[in-house]
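If you check TrEMBL, you get these features:
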- A:5-85: domain 'ACT' (DOMAIN)
- A:ASP227: active site (ACT_SITE)
Number of protein chains: 4
Amino acid sequence: METATLLISCPDRKGILSEVTGFISKNNGNIINADQHIDSQKQIFFMRIEWDLNGFQIEKEKIKEAFKPIADKFHMDFSLHFSSEVQNVAIFVSKYDHCLYELLYRFKAGELKGNLKMVISNHEDLKPIAEMFGVPFFHFPKNKDNKLEVEKEELKILRENSIDLIILARYMQILSDNFVKQYRNRIINIHHSFLPAFVGAKPYHRAYERGVKIIGATSHYVTEELDQGPIIEQDVVRISHRDSVEDMIRKGRDLEKLVLARAVKWHLENKILVYGNKTVIFE
Amino acid sequence: METATLLISCPDRKGILSEVTGFISKNNGNIINADQHIDSQKQIFFMRIEWDLNGFQIEKEKIKEAFKPIADKFHMDFSLHFSSEVQNVAIFVSKYDHCLYELLYRFKAGELKGNLKMVISNHEDLKPIAEMFGVPFFHFPKNKDNKLEVEKEELKILRENSIDLIILARYMQILSDNFVKQYRNRIINIHHSFLPAFVGAKPYHRAYERGVKIIGATSHYVTEELDQGPIIEQDVVRISHRDSVEDMIRKGRDLEKLVLARAVKWHLENKILVYGNKTVIFE
Amino acid sequence: METATLLISCPDRKGILSEVTGFISKNNGNIINADQHIDSQKQIFFMRIEWDLNGFQIEKEKIKEAFKPIADKFHMDFSLHFSSEVQNVAIFVSKYDHCLYELLYRFKAGELKGNLKMVISNHEDLKPIAEMFGVPFFHFPKNKDNKLEVEKEELKILRENSIDLIILARYMQILSDNFVKQYRNRIINIHHSFLPAFVGAKPYHRAYERGVKIIGATSHYVTEELDQGPIIEQDVVRISHRDSVEDMIRKGRDLEKLVLARAVKWHLENKILVYGNKTVIFE
Amino acid sequence: METATLLISCPDRKGILSEVTGFISKNNGNIINADQHIDSQKQIFFMRIEWDLNGFQIEKEKIKEAFKPIADKFHMDFSLHFSSEVQNVAIFVSKYDHCLYELLYRFKAGELKGNLKMVISNHEDLKPIAEMFGVPFFHFPKNKDNKLEVEKEELKILRENSIDLIILARYMQILSDNFVKQYRNRIINIHHSFLPAFVGAKPYHRAYERGVKIIGATSHYVTEELDQGPIIEQDVVRISHRDSVEDMIRKGRDLEKLVLARAVKWHLENKILVYGNKTVIFE
């Protein structure tokens, strides 16, 4: 079954839901999923609607055009996606391998629906793992002096491969503002703390020092400000005074890989709408 | 703001969502919440839709009639509720007081929107608590021999007070089939285990014997079969070998009262649809 | 059964456990609970050991003296508690009633073992609730100008009643350094966020703005620095974009009251050891 | 650092803790971890104690003998383990690969401390995965008729490789009583439900039918009765009416692999004591 999905946000007004569903029904589309949300504080309407294209009376190529009058009427931001389109994906890593393994496994098992085109790293340590799974590995050594230079090469290879989504799977480098701008809301990072607690380096060490009783992990879109982008998913695990920093790092690994994998899955299935610095997840 | 809420279930077909939302839009209703679900296995469509009655062009009393043609077309089961209608509630208890306190507090605090009309018990122990909160308390001693007799009196007082919802807040008696039938899907019980594990008596003792590492509580609608009714909500807490049966009972109390309170809240806000032996929760 | 409990911390060295348990065994004490922990980073040894006094060959009054040579040998900080001693407790509140109800219920039900002597508030709103439970209520209106003055009166009444533990159950005033110093590690506060995230005012509003997917509550000992004291307990609940600030406040209430109640229970049962800015919980 | 670990269970009596710790102290051992538990219902004492062998005055080979008088005095069951001993492990699988991947990764990453000697399967599907990680794979096709025959061959290869622990990583065959007896408390299974709910086949389908709001996974030692062995670890995840059986299976996979990995880790680190049909986990 091929489906189309509309992601919509606009100022809240009477009649939006009726017009959008009417558009699909009149054209003989069978709605499979519809989910909407109204931010009543900011009066914004959000919607994700997915329908079966089989029997739909508008050709795929013309749906966008046909929908435009409704979009204009309600001042909508919208995007249209087809289940037949699959995104191209690049994973960035440094030396930690647990998130990389998890992603490689899930792409291979078909749980994550995307073309995993490459693994990029500033170190060579994880090359054998990428190769185990038959994914091309590119080594781009980086330091403060050559960072922008190297990023140019990275951007070139990403463009050449039409990469749609970049996953930072415990990538220990900060991307430049220029890099981030070119992949706005298309770079997902995993931060090993329960944001906004412990922004920046060594969150487990700081959690240990503070004596917290629960630790967490956060997946978010990358913005120019470190660890400040829209949060996609978070999860936590209980710890106690018995847990050393090493225990926390170990327990945290299991969180990190799951929290990252969930965010990637939702992104690839067009289930995330970003607005302001927040996300709506149409799970 | 006064609102109307439609709860709908029907065989899944093209166009339902569009017709229902169209009905509201054409009559100038402003949709505040819309949530739908399709059981794709059984091909059933479920919906909860709530709209502001201010400016709506159909009088409250005539909405049901006006909606009927759509309901008939799609073979819908539906119910219509108004935010101005508040349900009458009776709580049944025996000797444990933690759930009763929690409910009394939440009704008093306005978190649970219902008219709490009475507390009924087969013991007198909790009378002072009902009185603390100014709620009438009725004592109906019960045993195997007089059960049906006493139930008649209970049913009489419930009818006289137009009770819409009965909450069994750790009520240690099994209601007769006749009683249950008269309040189909309107009796909420709290069972102190993670159903379907440990149906029946002494679940904590049996959980202790089995050596489980997590215990739970389940709120459900009461049916003729013990602990087999549609589950509304469940929650769990981690335990260890260090926990005695007494510890489990104590930790379980905190689960029971929260899991029961959530179910009651959803019921009173018309957020639950029962189908077959399951629930759809439009939270 | 009357028991004695030793809480011990000292530099880690060989033989501590053996000497402490030997002390009890040689004097015919039956150990009921023994729990120890070594902070391997800082090389500190912590222990909680509880034994049955029935048949113990040292009189209660002389145990401290008898244990002193061992304490000196290992440079121990230690405290000795008897199950027959019950702490005197005061609850401070402002206008929110959910934590107060929860505590009043648990003291009344005997789950919290302490003499609840009074409720103190800067407002009169919750007086009827204290009275419902038969607990004396004292109203001390406070503002920036008279704060230190009023605190003197509060301290006076606390001293007169030999208060051992102060519980801030959503008390919306900051205590002076002088006040805090007099009840070092004996004032428990509930903060309505997952510390160290959202220190200070309006944490739910800030959590909403930040777009977090999980919210939390933290109970901690009060120190001179706002929300920086040793954390005793934390818990969290999952939220989504559907939750308004009001929903978060409502869901948070259920966390706050449980997280506070757990901390109070552990404190009253002498299960908490504070060291540096952290706690060891011998649960 | 090489350590020795004693796992002890015996009838509870005065003085056990003191004698055991005294034994280690007198012989100049430095205790690193000590954890004990008393089952006050059954009056059984359990202990795990680990000490640094550096400087310990009894040779490794003679510790057992030296400890025997104490063991006899208190009628102890005990086992002695050295950190230098590493267990040999075999993984049994059928067609599902998620648990296998997880275990292969964790053994490779050194998080699970054991010699992973082989993967055994009744199908050939997962052979490439074992080979990816360089682990020998043995294919033993099995059916009702040849089951006992094939098990003989399996037992032979297990013995030849001195396998200490067998992990059933979603192995879809029931082992014979004879097989189980030879590896009493040394076969760990993962069951894809929250036991004792949904014993046996197709637990996710049955959970879906029952309409539960939370699903779980359970790791346990295998006994002659299906899914009735001592529970080691359990975990759960929240679901809703929106989750199809397929969603439950997918969410369950993440539980299964973590719950199994935790049990294997504890077993390999000698942190589990089995008594009756329950476990004490000295985490």
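Heads up, the Cβ atoms here are built off N, Cα and C, so glycines get one too.
Automated prediction, rather than curation, is the source of TrEMBL annotations.
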Set of same-chain residues at least 6 away whose C-beta sits under 8 angstroms from A:ASP227 (active site) = A:ASN189, A:HIS191, A:LEU195, A:PRO196, A:VAL199, A:GLY200, A:THR218, A:HIS220
Do you know the DSSP helix, strand and coil residue counts for the domain 'ACT' (A:5-85)?
-> 25 helix, 32 strand, 24 coil
How does the model score the domain 'ACT' (A:5-85) in terms of mean pLDDT?
-> 95
What three-state secondary structure does DSSP assign to the residue listed as 'active site'?
-> coil
